[in-house]
């Protein structure tokens, strides 16, 4: 049996990732009640950063061997540019790895340049890994089909360098495109949704949907102020924020979140938690801060939205906690649909706010009389090639879905982005939902 010392670096990185993951599970089970909130918050983030970096190390070793070691064997290695190239690749990988630690040390009212650079490198890293793997797979398949596997390594010395060069070029192009796309203001998408049992006095009621703003290392006050200006221009009757507003503590981001105080929808502004709110371990403080801006958190509860024309006409707007609160053993939180819909009868229309599409699926299995569910979480995949994974892992991916005869689910692609300031194959969105009575 091969000893740990004799194992490859990739194997050691995989073992390290497993150890960190096990420590995360153990700390959630046995230490969550013994540590104070601040210590628990730091421990969780440190564990997540270490776990991500251990996994990334496997990819980073492959990147280094593909675009540095391979070049060293080619005649291009004699070029005076080779040493700067090695330094550039090392700095690129170091920045990508450091991105997860910015949540611990570099969150403020506006993003630090280092955080933007680090997360940009992380996005480019993901794209580069994909192309190196894809081009390598295509090359191997070609050799097998052509019967040339035995001749690998013969021919032009520079031929092995062609694959990594192509991967790097594609990565650079897509990174620039992704950065430019994400730098644009969110698109305003207007969607009409027929709502069964909605009173005619509430026909054309306008709900503006925000999701996945992710205030934190790469999204700050300036971008949030832009979003608020766009929402105010739409003049919604109701504004809803369906989770992942933030990636850090309320105390740190208090100045950045101030623009939300300018939202003044006549029938109210409402909020439900996403998984990232629980990663902050600061949900109670966020609830209090949002309440100070007249934004009401729906913590497994509901409100009656009464027609401005008739107090007899109303519908039930409910919100559930994110499903990951249960997985994280977050005290007093977790999806509780029965409690959230308490008092919501099928005689009136029911609109549910649930951050994750999986939660929307579970809710409809339990209460098929829900008429409309508003979700987010998927980001539309945010960047290529993560789009495919997000599509496969979620029962509803992005946009409007009809379920049964009288139910619709709308999944926002997100109003900003998480960490990586890029969008590829997706577009940030502010959704204007027009409710239509039957």
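Each Cβ is built from the backbone N, Cα and C atoms, and glycine gets one as well.
Curation plays no part in TrEMBL annotations; they are all automatic predictions.
Quick caveat, the model's predicted, so the values are computed rather than measured.
Annotation comment: TrEMBL describes 205-380 as domain 'Calcineurin-like phosphoesterase'. Computed over the domain 'Calcineurin-like phosphoesterase' (205-380), the whole-number mean pLDDT of the model equals 93.
The transmembrane segment annotation in TrEMBL covers 12-30 (among others).
According to TrEMBL, the feature transmembrane segment maps to 42-64 (among others).
Taken from TrEMBL, the feature transmembrane segment applies to 85-106 (among others).
Counting residues 6+ beyond its ends, the transmembrane segment (112-135) has Cβ neighbours under 8 Å at 56, 59-60, 62-63, 66-67, 92-93, 95-96, 98-99, 102, 106, 163-164, 166-168, 170-172, 174-175, 178-179, 217-218, 383-386, 419-422, 424 in the same chain. Under the heading transmembrane segment, TrEMBL lists 112-135 (among others).
Note on the transmembrane segment (165-182): residues 66-67, 120, 123-124, 127-128, 131-132, 135, 383-384, 417, 421-424, 427-428 of its chain, located 6 or more positions outside it, place their CB under 8 angstroms from a CB of the stretch. What TrEMBL lists as transmembrane segment is 165-182 (among others).
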